[in-house]
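Below is one structure; the comments refer to it alone.
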Amino acid sequence: MNSTLFSRVENYSVHYNVSENSPFLAFENDDCHLPLAVIFTLALAYGAVIILGVSGNLALIIIILKQKEMRNVTNILIVNLSFSDLLVAVMCLPFTFVYTLMDHWVFGETMCKLNPFVQCVSITVSIFSLVLIAVERHQLIINPRGWRPNNRHAYIGITVIWVLAVASSLPFVIYQILTDEPFQNVSLAAFKDKYVCFDKFPSDSHRLSYTTLLLVLQYFGPLCFIFICYFKIYIRLKRRNNMMDKIRDSKYRSSETKRINVMLLSIVVAFAVCWLPLTIFNTVFDWNHQIIATCNHNLLFLLCHLTAMISTCVNPIFYGFLNKNFQRDLQFFFNFCDFRSRDDDYETIAMSTMHTDVSKTSLKQASPVAFKKISMNDNEKI
């Protein structure tokens, strides 16, 4: 999924018609020029995503780390997710935007290799953090009396994720090159000592095998797994809610269950929607790049890439800012006030501390008062 974050210029045979005073490449056809209004709009959009992604994830990390009572399994995973999203916002957005517009690399050979490597690592860490959160919620809702992950398990899982992410991203370090090959036949002085950065695998089959592996590893595989977990959680919560409705008055029906279900569905939908355009673009480009018109390549890529990067802003909202505690602490964060420990009035944003040790038998035997207490305790802790 991360395979074409940079344009593979070696696949294009283009003729340049450029001004010596312009740092931007233009194709021979004037229709290939991106209007300044489009460039300006894209720059504003990328800037907004960078600001929101950095500030949102940074605030989320600081708030969780500041509060000892919030250091449960899910929040540990959320910090890991936010950190990886923070890396994407810093290492992915600005470099990719500038390079795509300029069509030549100005950040040096080290960054040429490091940038796609860090991007691939960050994306892999992000998706597998979502997988671990789905696993934890699945265990605590579907099998509350069974194995429960603790903080130690969370740290082990995070370590495994980072090792897997680094290992799966190493080909970018090995095969990413910095070369002036596309500019060797350009006589204009403006393009002297200009370089491009792209991946050059031993063969097309090697490249397609690797990019297909990333497609499964970073998108389809995790997404299917997450969907299954949350679907089972949704069914269990709905069934539990229906069982409680049979013996309690309708006025006790909690809206929190609906909020949880909507949040769970939104998590999956947001990830799938944000990454789907770039996934399709990368897949088409990898297998038959000629389908994409040369003039439309950069614009299509930037739009797809920008949509994917919006996920770095969405995750803090779903996992943090919809929670009342984060909203309160966020005010302290932006007002530069000290955080106060509130053991009594804190709610836990995740399902990791839910007291759900209730079987069908106990539900059937419980009284209406007990049902109200059980259901409200569960929902208030989410």
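Numbering starts at 1 and runs along the chain as it is shown here.
Just so you know, glycine gets a Cβ as well, placed from its N, Cα and C.
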Listed residues ASN17, ASN185, with the one flagged N-linked glycosylation site by Swiss-Prot: ASN17
Listed as N-linked glycosylation site by Swiss-Prot, one of ASN11, ASN72: ASN11
HIS33 vs TYR195, same side of the membrane according to Swiss-Prot: yes
Among CYS197, CYS224, CYS229, cysteine joined to CYS112 by disulfide in Swiss-Prot: CYS197
Per-state residue totals over the topological domain 'Extracellular' (281-298) - DSSP helix, strand, coil: 16 helix, 0 strand, 2 coil
Per-region confidence, the topological domain 'Cytoplasmic' (232-259) (mean pLDDT, whole number): 63
Helix, strand or coil at CYS112 (disulfide bond) [DSSP, three-state]: helix
Neighbourhood of CYS112 (disulfide bond), C-beta criterion under 8 angstroms, separation at least six: TRP105, GLN176, ILE177, LEU178, CYS197
Sequence-remote partners of the transmembrane segment (116-136) [C-beta within less than 8 Å, at least six residues beyond its ends]: 1-2, 5-6, 73-74, 77-78, 80-81, 83-85, 87-88, 91-92, 96, 149, 154, 157-158, 161-162, 164-166, 168-170, 172-173, 176, 199, 214, 217-219, 222, 225-226, 229-230, 267, 271, 311, 315, 350-352
Two-stretch contact, the transmembrane segment (299-319) and the transmembrane segment (34-54), at least three Cβ pairs under 8 Å: yes
